[in-house]
Amino acid sequence: MADQLTDDQISEFKEAFSLFDKDGDGCITTKELGTVMRSLGQNPTEAELQDMINEVDADGNGTIDFPEFLNLMARKMKDTDSEEELKEAFRVFDKDQNGFISAAELRHVMTNLGEKLTDEEVDEMIREADVDGDGQINYEEFVKVMMANRRRRRIEESKRSVNSNISRSNNGRKVRKRDRCTIL
């Protein structure tokens, strides 16, 4: 993942990382991560920071080394690219460009994608995403749905990976579900 970064980006990240590596041991504490990221123009929420820390600090020792930090920043930058993709996707759905996706617009795009949905299915999709209850989907609601779907896919991929690793570590023998839970 970090191999997708330019030399300039790596230098910038190294400089920011070094500012917070107080004793020069090549590690920063997880508490300092938020400060480093804000100094690089990122603005993660506390929940996002905790997710990042959980992803990066695999051994739970409370420190993050520079290679782990580079991977984190590369992922974060990829997510920024994804934000642009989300904006473009929203524009595709929002045919009249009024800032909302109506049931008619959703039905039209889904039909063009080859998804023949009933009125009830379209209404259900709108209801699931429509947090403020106005009968249409604004950009924030759209992002929440899309990000929830992305998280769901990542969780499923992680589960498949863990299950695959468990099966391999058990010499191909089937692992009972309750044993799998014990392992996890």
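Backbone N, Cα and C define each Cβ position, glycine as well.
Residues or ranges marked as domain 'EF-hand 1' by Swiss-Prot: 8-43. For ASP21, ASP23, ASP25, CYS27, GLU32, the entry in Swiss-Prot reads Ca(2+) 1 binding site. Residues or ranges marked as domain 'EF-hand 2' by Swiss-Prot: 44-79. The annotation Ca(2+) 2 binding site is assigned in Swiss-Prot to ASP57, ASP59, ASN61, THR63, GLU68 on the grounds of sequence analysis. Taken from Swiss-Prot, the feature domain 'EF-hand 3' covers 81-116, and the record attributes it to sequence analysis. The Ca(2+) 3 binding site feature in Swiss-Prot is assigned to ASP94, ASP96, ASN98, GLU105. Per Swiss-Prot, the feature N6,N6,N6-trimethyllysine maps to LYS116; the stated evidence is similarity to another entry. Annotation comment: Swiss-Prot describes 117-152 as domain 'EF-hand 4'. According to Swiss-Prot, the Ca(2+) 4 binding site annotation covers ASP130, ASP132, ASP134, GLN136, GLU141. Residues annotated as compositional bias 'Low complexity' in Swiss-Prot: 161-170. Annotated compositional bias 'Basic residues' per Swiss-Prot: 171-184, in sequence order.
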Return the count of C-beta atoms lying within 10 angstroms of the C-beta of ASP132 (Ca(2+) 4 binding site), excluding that atom itself. 10
Candidate nearest ASP21 (Ca(2+) 1 binding site) in space, where candidates are the recorded positions ASP96, LYS116, ASP132, ASP134 and distance is Cα-Cα: ASP132
If I take the alpha carbons of THR63 (Ca(2+) 2 binding site) and GLU141 (Ca(2+) 4 binding site), what is the distance between them in whole Å? 35
State the residues, same chain only, that lie 6 or more residues beyond the ends of the domain 'EF-hand 3' (81-116) and have a CB under 8 A from a CB inside it; answer 'none' if no residue qualifies. 122-123, 125-126, 134-139, 142-143, 146, 150
For GLU105 (Ca(2+) 3 binding site): DSSP state (helix, strand, coil): helix
Counting only residues 6+ away from its ends, which parts of the chain sit with a Cβ under 8 Å from the domain 'EF-hand 1' (8-43)? 2, 49, 52-53, 56-57, 62-66, 69-70, 73, 76-77
